[in-house]
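Asks: Quick one: the structure is below, questions incoming.
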Amino acid sequence: MTTVVLAVESSCDETAASVCRDGKILSNVIATQKVHEQYGGVVPELASRAHLQNIVPVVDQAMADAKIQSSDIDAIAFTQAPGLIGALLVGAQFARSMALALDKPVIAVHHMQAHVLANLIESPVPSFPFLCLTVSGGHTQIVRCESPYSMKVIGETIDDAAGEAFDKTAKLLGLPYPGGPLIDRYAATGNPAAYRFPEPQIPGLDFSFSGLKTAILYFLQEKKQQDPDFVEKNLPDICASIQNRIVTILMNKLVKAAQETGITEVCLAGGVSANSGLRNALAENGKKFGWNTHYPAMEYCTDNAAMIAITAYYKYLQGDFATLETTPTAKSDW
Ligand code: KG4
Ligand code: ZN
């Protein structure tokens, strides 16, 4: 007996579908919505409309790539929370309708748990318990994961997410949205010690990034008064210094979490785990503290449906099904 799960993800601005057979990902299709670029951020109403247009072709493609028919599907999964409510409704409604038509169960998946479990998609997988630093445009969390069914947020941002810190400071530098990858690219040739930005003093394992953004705003205002071309002349050094600070804020808390819990399996997840400074810092700290470190392949770090499918597969094994009345919610605690 095999188990085939079809999963859809529609929490923000990617319409995605994936097919998983017995925990192995057979397809991973993502339609990134271009419509938001001109607005410098995601416009919820436009995201919902684009999901409606994309979802059927994306699911068709995912089933074709996986070489499955609808009769092969054992369960249909969707992202229940958190996310943009209008966007989530499209995926949920699609999944519930397809489940009704095929007379198969639905599985509701928590988007942030799925980011963590993306680390289970490809070998070598982390052993339990592991810590996961989930860093994306909307979230920054340290999660203690005991099993696919048991995980707990032990630290999170009290204001902006790490991805927002990258994107908002990139905007101050005149870079287009999303600026995170551009900061990473310019930082490669810059000096991370060129400028020192403050590290917030937040108790415990929580993070804060809004003060950093303000500090960079004032720093740039002052420098531009002295030299209007300051940013153009020093972009690599500025980017390297910003990236260095964001990464040290993240890593210092991750090190603290590892020390407090005694856990030495340490993972990254979310779109910001693409950042080369963060990956290098994880490797360095891994060596220093004897951690086994992991991060998912890039296609499983940014928003995708394969992470929803793998999470749903584990839920399927436990018989943890939703009902046709299960509705999404914009916010959700674990
Ligand atoms: O997980 P994700 O694709 O979407 C969600 O927010 O859920 O993450 C997107 C975020 C954006 O803020 C983007 O700027 C950031 O990840 N990002 C990066 C890099 N690649 C993506 N930030 C820094 N360096 C990168 N290389
Ligand atoms: Zn995400």
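Count begins at 1; order follows the chain as displayed.
A Cβ is built for glycine as well, from the same backbone N, Cα and C atoms used for every other residue.
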Asks: Can you match one of ASP160, ASP167 to the substrate site that TrEMBL gives for THR134, VAL135, SER136, GLY137, GLY138, GLY180, ASP184, ASN275?
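Replies: Among ASP160, ASP167, only ASP167 appears alongside THR134, VAL135, SER136, GLY137, GLY138, GLY180, ASP184, ASN275 as substrate-binding in TrEMBL.
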Asks: Please list the binding-site residues from THR134, SER136, GLY180, ASN275, ASP303 whose Cβ falls under 6 Å of any atom in ligand 2.
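Replies: SER136, ASP303, in sequence order.
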Asks: Whose Cβ lies within 8 Å of the mean position of the Cβ atoms of HIS111, HIS115, ASP303, the Fe cation site, other than those residues?
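Replies: For the Fe cation site the neighbour list reads GLU9, SER11, THR79, MET112, ALA114, SER136, GLY270, ASN304, MET307, ILE308.
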Asks: Quick one: of HIS111, HIS115, which of the binding-site residues has the smallest count of other CB atoms within 10 A?
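Replies: Minimum Cβ neighbour count within 10 Å, taken over the binding-site residues HIS111, HIS115, occurs at HIS111.
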Asks: Please check the binding-site residues HIS111, HIS115, THR134 against ligand 1 and give me the ones with CB under 6 A, sequence order.
Replies: none
Asks: CA-CA, which of the binding-site residues THR134, SER136, GLY180, ASN275 lies nearest HIS115 (Fe cation binding site)?
Replies: THR134
Asks: How many whole Å apart are the CA atoms of ASP303 (Fe cation binding site) and SER136 (substrate binding site)?
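Replies: About 9 Å separate the Cα atoms of these two residues.
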